[in-house]
Amino acid sequence: MDKELLQSTVRKVLDEMRQRPIPLGVSNRHIHLSAQDYERLFPGHPISEKKALLQPGQYAAEQTVTLVGPKGQLKNVRLLGPLRSVSQVEISRTDARTLGIAAPLRMSGNLKGTPGIRLVSPFAELELPSGVIVAQRHIHMSPLDALILRVSHGDMVSVAIEGDDRGLIFNNVAIRVSPDMRLEMHIDTDEANAAGADNPHAFARLVGPR
């Protein structure tokens, strides 16, 4: 195989890889807890795994809490593990209206100036002073995925949701690159409902910047 043919073949393979479907993960409301807050809410009860998630080492725990806001509450909100350094609550816009909380759109971990909420477990209550957000839609990927897709950590891209009669293009999708991450797009339940993505055939496809 001559050099020109080899280069052409490589370009074709890479183009096909850039068009491959991106797995879609729909994130229902959930919480992340610090070790200190977990011990206050579940004293003497070790965190236990209910279901492994796609991202390595992450899982849905057996433990749940009730979120209590100024206007309402949401029960059976799942804890995701492992425990973190700072507690965080991720809800949808619809959830925020139910609770009566003005939760800002943020990337995970960007909690400065966010509202708090009361957490109620079967054993205790905890007033979280801050940490409630509506999560920015994003795509997790490895450095190799980023190289193939020609994107970098922190980029904003546009993504088409396909596999359903409705479909939708989402702009302002953040790229999150980490060596221990697998390729997966995360959207919340409001976004999934709008795109008709609440079915096993739905997937995402990168269509351009922003």
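Including glycine, each Cβ sits where the backbone N, Cα and C put it.
A coil conformation is recorded for K71 (CoA binding site) in the three-state DSSP classification, outside any helix or strand. According to Swiss-Prot, the feature CoA binding site maps to V26, S27, N28, K71, R78, N193.
What Swiss-Prot records for H30, H32, E90 is Zn(2+) 1 binding site, and it gives similarity to another entry as the kind of evidence. In the three-state DSSP classification, H30 (Zn(2+) 1 binding site) falls within a strand.
Residues or ranges marked as phosphate binding site in Swiss-Prot (evidence: similarity to another entry): R84. Around the Cβ of R84 (phosphate binding site), a 10 Å sphere holds 17 further Cβ atoms from the protein chains shown.
Swiss-Prot lists H138, H140, H186 with the feature Zn(2+) 2 binding site, giving similarity to another entry as the kind of evidence. According to DSSP, H186 (Zn(2+) 2 binding site) sits within a strand segment. The Cβ neighbour count for H186 (Zn(2+) 2 binding site), using a 10 Å radius and every protein chain shown, is 23.
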E90 (Zn(2+) 1 binding site) and K71 (CoA binding site), Cα-Cα, nearest whole angstrom: 17
Fewest Cβ neighbours within 10 Å, where candidates are the binding-site residues H30, K71, R78, H140: K71
Neighbouring binding-site residues, C-alpha within 10 angstroms of H30 (Zn(2+) 1 binding site) - of R78, R84, H138, H186, N193: R78
